[in-house]
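Report on one structure; see the data block that follows.
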C-alpha cells in the first residue's frame, strides 16, 4: 500500500486522458503513490423502466461493464502500469461525482483529478456538470484539468 | 378472428368520409359487443356467483379472507415493515457493488405503472357510483389488508424465478407454483401453474387491455363527441404494436417517464380540490364512515357498499392476483423478502392514497345527487346506481367531479387516462407474454402470435360497451386470484421462514445499511 492515492476520473474523452497524464506527473513527483483510475457509467436507481427493460437489465449491465473495461479502463490501466505506477482500476454504475468522492474516501486519497467537460445541455446548466458538483461536494481537493 | 379483424379495419377506413358508413360501424360495434357478451357471460357468472342464500359474491370473500389470513399469519407485516420498505426503496440497504442492477425503486415503479391507472380513476367512480361513499371505507380496508397478500406473492416470485444463462430472468406465480410445490412435496403445482397462465392471458387481454382501451375511448369521446370505438382501437393497437412488436422502445420510455408525472399531477389536483373544499372534508369522511355501515340508502345498502369497495380495491391494486410477482421477479436481490417488503407499498400507494383521493373528490364535488330532505342518495331509474348530475358514470363521473374544481381538468384527465391505459397495456402485455411463453415455450414466432392477439383485442375492447368489458375484465383477474391464492396458502410457510430469517438478521446487525 502506497503512502497516498490520487483518484482520476476517466470518461473516454481527451480531457480524461489529460487528467490521467497530470495524475501520472503528480505521482512521479510524490514518489510512493497509487493511481486509482475510475470510470463511471452514468446510472440512477431512481428512473422509470418498463418490465422488459428490467428483465434485460442484468445482461445490459454486464455488457456495459465489459465495454467500459475493454474500451477505456483496461488500456489506461495497462499504459499507466507500463509507466511504472501502482494502479487500481475501478468501473462502477452511478453518479460520477458521488462515486469519485466515494472512491477517494475509500482509498484515503489526497486528491481527485478530472478533466473539465464543458457545460452541455439544459440539464447541466441547471444542475451543474459532474466537475462542478464534484468540486462543490468532494471531501478532498479536486484538480480540474482544462 | 382474422376475418373480423379485416372487417374492422375496412369499417374504420369507411367510417371516416361518409355518415352512412359511420352508421355501419356503429352497428358493427354492437355486433362485436353482442358476440363478446355472449361468449364470456357464463364465465363471468361463475366467478361472481353469490354465496348460497345471500347476495355476496364468493370471490370477494375469498380475497378478503386471504388478505386477512396473510395479515395475521405474518404478524401485521404491512405495519411492521412499512418503514423498512421506504428505507429499501430509498436505497439505504443497496450494496454499491450491485449498482447498475434493477433497483427496488425501479421494480416498485414498474409494478405500480401496471396497477395505477384506470382502476384508480374509473374503477373508483364505479364503486362510489354504485356503492356510495361508504364503498371508500371498504376499499381502504381492502387496500391495507391487500398489502399482506402482495408481500406474500412478491417474496415467492423472486425466490422461485428462473434465471437463464444469458442473465435474463422469468418469474411469477407459474414458477413458484411448480418449484415451490415440488420443494414442499405437494402435488398439483404444475396443474395450477397452467391454469394460472391461462387466466393470466385472459386477464392480460381483459383488464390489462380491453378495459383500458374501452375507457380510454370513452374518455376521448367525452371531449370530441361520439365516434366509433374502432377508430380509437385501431390507433391504440397500432401504437402498442409499434412498441411490443416493432421494438420501438422510445415510445414506451417516454410513456414510462410521463406516467409518473401524470400520477403526481392527478394527486396534486385532487389535493388542491380537497384543500379548497377543506370545510367539507369532515363531512365527506362522515359520509364514508356512515355509508360504510348503513349504505345511506344506496343500491344493495351496506353489503352493496362493501362488495363494491372490495371489488374495486382488488381490481385496482391487484393484491393476490399474482401480476406483481411477475413484475418484481426482475430484481436481482439476494433477499427475496426485500422485494416482498417493497411491494407492500403498492396497494398502499394505489388504493389507500390514490383511490381515496378520487373517492373524496367525487364525494365532495356534489356530482352524486342527494335527497336534501333525508340526506340519502337518490337512485337512478333502474335502481342500480346513484343518480349523478348529467347521468355520468365510470371515468366520466371522475372527470365531472374534478371539473367542479378545475374546468380544464377533463382535458388533463383525458391525457392521463390515455397514458395510464397505454402504460397498463404495456405492463400487461408483458405479464400475458410471460404466461404465454410458460405455456407454449419461448421463441420469436410464438411471442409474435401472442403480441398480435393482444393488439387485436385492443380493437375489440375499444369497440365493445362498458358493461360486457368490465365484467369480463373483473372475472379474468379474479380467476387469477383464485388459483394464485390457493398456491399462496400452500407456500406461506416458506415465506414465513424467509421473513423470520431476514428480520432476525436485520435485527442482529448482519444486514446493514450502506452509507452514501
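Keep in mind that glycine also has a Cβ here, set from the backbone N, Cα and C atoms.
Which of B:258-278, B:321-341, B:384-404 counts as transmembrane segment depends on TrEMBL, and there it is B:258-278. With respect to Cβ pairs under 8 Å, the transmembrane segment (B:348-370) is most closely packed against B:258-278, considering the stretches B:186-207, B:258-278, B:408-428.
Under 8 Å from some Cβ of the transmembrane segment (B:408-428) lie the Cβ atoms of residues 110, 113-118, 121-122, 203-204, 207-209, 212-213, 215-216, 219-220, 222-223, 236, 239-240, 243-244, 252, 255-256, 258-259, 262-263, 265-266, 269, 323, 327, 395, 398-400, 402, 458, all in the same chain and six or more residues away from its ends.
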